[in-house]
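This report refers to the structure that appears directly beneath it.
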Amino acid sequence: MASIDGLPPLREVIRAHGLSAKKQLGQNFLLDLNLTAKIARLAGDLTNSDVLEVGPGPGGLTRGLLAEGARRVLAIEKDARCLPALAEVAAAWPGRLEVLNADALEVDLAARLTPPIRIVANLPYNVGTELLTRWLSSDWPPFWESLTLMFQKEVAERIVAKPGSKAYGRLALLSQWRTDPKIVLTLPPEAFTPPPSIHSAVVHFTRLEAPRHPADPKVLARVTAMAFNQRRKMLRSSLKGLVPDIETVLREAGIEPTQRAEEIPLEGFCALARRLAG
């Protein structure tokens with residue numbers, strides 16, 4: 001990568017700027033520029049897209065995105081210590097990188113980007129799930145074309161899980177309702193500095209133009225939250241606060257009241273959401 005952008009290896013960048021990953025910010029720096037380039041390629045053709053990156057750290061993935069031809073990258077970094085390193089990346093790619101020192105949970109990201117937009121990020125562990133849930137719960141179709149996101153491997157497995165498995169839950173439902181998510185890369189702890197205690201995985205989400213089954217997003221979100229907060233309880237118990245006669249509503253949706261949340265496929269929860277909304 002250094003031969004492409006003229007910048008030093010990431011270990012040198014980290015040493016030069018005195019950077020160390022902060023656990024409280026959910027940081028783990030990915031230093032292998034071959035891997036960051038691979039993740040950028042897994043996001044698809046970037047040449048005509050704006051790319052949103054959250055948590056760029058010292059800029060390893062940022063460099064990969066720019067080298068792979070991203071039209072423009074907007075990098076949101078909460079940690080001000082990383083800004084000088086990112087400024088060096090911006091100088092190497094004039095006019096193509098904008099760095100915003102902000103919390104991604106508090107910024108209107110769509111307003112700063114020009115479609116088509118792809119989101120590619122090694123998400124900070126402490127906000128990754130919340131950001132994903134927001135991006136999946138927005139108006140549809142959303143402002144983004146695709147998501148290519150790194151998570152803890154356990155979270156990635158929850159995203160692609162099927163009914164009846166231990167990993168199956170609300171995150172799988174929300175992800176698979178409106179996108180086609182696939183695990184496209186698994187990374188060992190030693191790929192990062194500092195090495196986390198777990199493996200990581202990259203998930204690529206291809207958005208669907210319409211949800212797989214019709215349902216009101218707010219109703220579906222509420223139903224799945226209640227059902228999976230008490231996932232081992234029968235649905236007639238976990239959902240009893242929704243309506244006076246929940247057993248009748250469940251049966252009308254094709255669900256037995258004695259079933260548990262982990263047994264119900266996406267289609268069943270969408271049918272239940274429609275009955276409750278109607």
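Along the chain as shown, residues are numbered 1 onward.
Just so it is clear, glycine is given a Cβ too, placed from its N, Cα and C backbone atoms.
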Which candidate from N122, N126 does Swiss-Prot annotate alongside N28, L30, G55, E77, D103 at the S-adenosyl-L-methionine binding site?
N122
Candidates N28, N122 (binding-site residues); min other-Cβ count within 10 Å returns N28
Is it possible to get the count of other C-beta atoms within 10 angstroms of the C-beta of G55 (S-adenosyl-L-methionine binding site)?
27
Specify the secondary structure state of L30 (S-adenosyl-L-methionine binding site) as given by DSSP, simplified to three classes.
strand
Cβ neighbour count within 10 Å, max among the binding-site residues E77, D103, goes to E77
